[in-house]
Amino acid sequence: MSISRREFLKANAAVAAATAVGVTLPVKMVEAAESDNIKWDKAPCRFCGVGCSVLVGTKAGKVVATKGDPESPVNRGLNCIKGYFLSKIMYGKDRLTTPLLRMKDGKYHKEGEFTPVSWDVAFDTMAAKWKHSIATKGPTSVGMFGSGQWTIWEGYAASKLHKAGFLTNNIDPNARHCMASAVVGFMRTFGIDEPMGCYDDLEAADHFVLWGANMAEMHPILWARLSDRRLSSKDCRVHVLSTFENRSFDLADNPMVFHPQSDLVILNYIANYIIQNKAVNTDFVTKHTKFALGVDDIGYGLRPDHPLEKKAKNPGNGKSTPISFDEYAKFVSTYTLEYAAKMSGVEPEKLETLAKAYADPKAKVMSLWTMGINQHVRGVWANNMLYNIHLLTGKIATPGNSPFSLTGQPSACGTAREVGTFAHRLPADMVVDNDKHRAITEKMWQVPEGTIPPKPGYHAVLQSRMLKDGKLNCYWTMCTNNMQAGPNINEEMYPGFRNPENFIVVSDPYPTVTAMAADLILPTAMWVEKEGAYGNAERRTHMWHQQVKAPEGAKSDLWQLVEFSKRFKVAEVWPAELIAKKPEYADKTLYEVLFANGVINKFPTTDCKGDLNDESEHFSFYVQKGIFEEYAAFGRGHGHDLAEFDRYHETRGLRWPVVNDKETLRRFVEGSDPYVKAGEGYNFYGKPDGKAVIFALPYEPAAEEPNSEYDLWMSTGRVLEHWHTGSMTARVPELYRAYPDAQIFMHPEDAKARGLQRGDEVLVASPRGEIKTRVETKGRNKPPRGVVFMPFFDARQLVNKLILDATDPLSKETDFKKCPVKVMKA
């Protein structure tokens, strides 16, 4: 057998990818565990949104090993390096086991020292603060910041407690920082959220196009499947677009490093190329799409008095007007190859190669994107533009033809999006500012008409501003570390946490940066210390049983939310006019109205087939099943169908809609989606007319650009070994040793021009602050001249405090990828 040099290099890239995934590292450890009297059970991985299934090995009440689940259709027995060390995330030396309240002279004090207290004292203190705030300032003075790492029932309980209990929509998940632009993109184009394709498309595509997605490190199991397809199919090609070279470039046939923000130009160029070269699928476009012109100059989601916001003509305006195909073609006609090459810095032949792949009617194309597209001040537009390309060519919802938005958290889809824990959303894609949607939800929740406020609550970035301004006073964060992960910490977030008017509660297993800035820390159960359910990026809902007990004193987020609701009588938090509609509720607790409501509490604990279920034992009913079934009723018959609860414990997950116990691989297409009738071909049924929208949207610049003082673009992101802020992975000795400290990746010539060498300590500064770190001029990430990259996992180097809190005005998602900085020797 002969092999070309190019194929040899590609094969080496695959080996490198497998090594990065961690396939070979812990084999001996796993083999040893097989014969050591360990009990194994399934669970989805605790980390990213891929949704790998792992087998969890327990012994003597402790998780002692994890390995890839060979029965999983997602990861097929593989784990990435983080997945292999899951068994250690719960056993950090500084695990919290008792509530900690800031106290001075025996009572709570904002400037006091953290002091151990009982759960009763913690909840009594919290409840008193909440009741006082609601009574004196109204329900909008309380709020919560949650997580795409919540289980489905935790997110549902949190949303219901706030929207129907405390009468506030001031609840938002950290998925606002990562997936909000994807959500709004789906809703604008299709009228319904989440991908139409599935992971099976990885085995069918001819071309893979990565848009701001370093899959080799951030989604390594999917990258392994993609690599296998590339190396086993001689005609398969990989195109990678990024603002700097990363490990995904190792497999790229068509690598492209573009200037920050110019992806918008490239996307419109491709649409123009398709039209100019008569590659439009005219039949598909005529039958299944329509065109619209979006509003431009929409601002940057900053405070209203910010100069950039005052300058915008249409701040936050997401409206559009119908146009014809010819008008759309004229709109994109100015986005020529020459203009795209000039704006992006990418060689014209590479751009044309990419455009030809999309335009070729015989080629199946899978577009994959994540934070590079979403964490973008025009992230919604970028999502819409990606769909434009697939809709113009009809390359959508068939095997290998898939515009696929990747998620970063294990249940950003299943909990944050599907459950509706955003400040503007309700379950099953309903929204709070729609009268009909509120009425449906109020009926399902058995609360009076008018219970749910019609105005969206404070989104993530706005929560920080309102804390600082003293308008949001009681604030509970769960399952997230926003003081490290969020933007503009110095100017907005930290002042809000330490505002003397505010009482801040953080639920976390560990003393994170966020926890240490709070007034009360609540110790939390983790992962398989509780029963859970996640929903991954391909609409797969996957459940697990509790497999070990949490350390004594640590309680799950679900327990905390439901137990806290017992502290409130309806009459203490609802106005008289609302109680008058349901006077029988006046003397009841929120717990009785929201959770012991005859629906959630109707399933006995004997229904639970797992060995443990501490929450259900405490509440004396199968609380997880009850919440799930109440929640699932929202989507059944409405395109979001979930299977019966018990089915998920029997499987490695099912992809919704699940109709007649059959999952759906691809949506909107006849023969796969049960909501598409025979003879329709396609039906984008999220829209009343069944047609998807192709948007005419322009290029607009970033909120900030480098200047004479801050002369470098900086992007922040992740690395393979750590997940998000490292609050779990940095406590795993093997992962910490593999990557102990963050560095700033620079081009060698940029370092030389500043008198710097690899390993030098430097100051990195933006208009909002500065940090110390060390220079890396080699290694896995290779920025071009003028660009630097720094990961945000290191709690000792809070790089995101340099980031401006500019957001996409439509999705309110922060742009973490484009910040002007200067780098100097420390």
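For all residues, glycine too, the Cβ spot is worked out from N, Cα and C.
Under the heading [4Fe-4S] cluster binding site, Swiss-Prot lists C45, C48, C52, C80, citing sequence analysis as support.
Its Cβ taken as reference, E217 (Mo-bis(molybdopterin guanine dinucleotide) binding site) is surrounded by 22 other Cβ atoms within 10 Å in the chains shown. Per Swiss-Prot, Mo-bis(molybdopterin guanine dinucleotide) binding site is recorded for K82, Q149, N174, C178, 211-218, 261-263, M371, Q375, N481, 507-508, K530, D557, 716-725, N800, K817.
Under the DSSP three-state reduction, F792 (substrate binding site) is assigned to coil, being neither helix nor strand. The substrate binding site annotation in Swiss-Prot covers F792.
Marked as domain '4Fe-4S Mo/W bis-MGD-type' by Swiss-Prot on the basis of sequence analysis: 38-94.
The signal peptide annotation in Swiss-Prot covers 1-32.
Following the DSSP three-state reduction, the secondary structure of C52 ([4Fe-4S] cluster binding site) is coil.
Checking Cα-Cα distances from H724 (Mo-bis(molybdopterin guanine dinucleotide) binding site) against the binding-site residues (C45, C52, F792) with a 10 Å cut-off leaves F792, in sequence order.
The helix, strand and coil residue counts that DSSP assigns across the domain '4Fe-4S Mo/W bis-MGD-type' (38-94) are 7 helix, 20 strand, 30 coil. For the domain '4Fe-4S Mo/W bis-MGD-type' (38-94), the mean pLDDT of the prediction comes to 96.
Each residue contributes its Cα atom, and for C45 ([4Fe-4S] cluster binding site) and K82 (Mo-bis(molybdopterin guanine dinucleotide) binding site) these two points are 9 Å apart. Here V719 (Mo-bis(molybdopterin guanine dinucleotide) binding site) is positioned 9 angstrom away from F792 (substrate binding site), judged by their C-alpha atoms. For the pair C52 ([4Fe-4S] cluster binding site) and K82 (Mo-bis(molybdopterin guanine dinucleotide) binding site), the Cα-Cα distance reads 11 Å. Each residue contributes its Cα atom, and for G212 (Mo-bis(molybdopterin guanine dinucleotide) binding site) and C48 ([4Fe-4S] cluster binding site) these two points are 17 Å apart. Apart from C45, C48, C52, C80, the residues listed for [4Fe-4S] cluster, the same chain places the Cβ atoms of F47, V50, G51, V54, N75, N79, K82, G83, P220, I221 within 8 Å of the centroid of those Cβ atoms. Look at the binding-site residues K82, K530 and count other Cβ atoms within 10 Å of each Cβ; K82 has the fewest.
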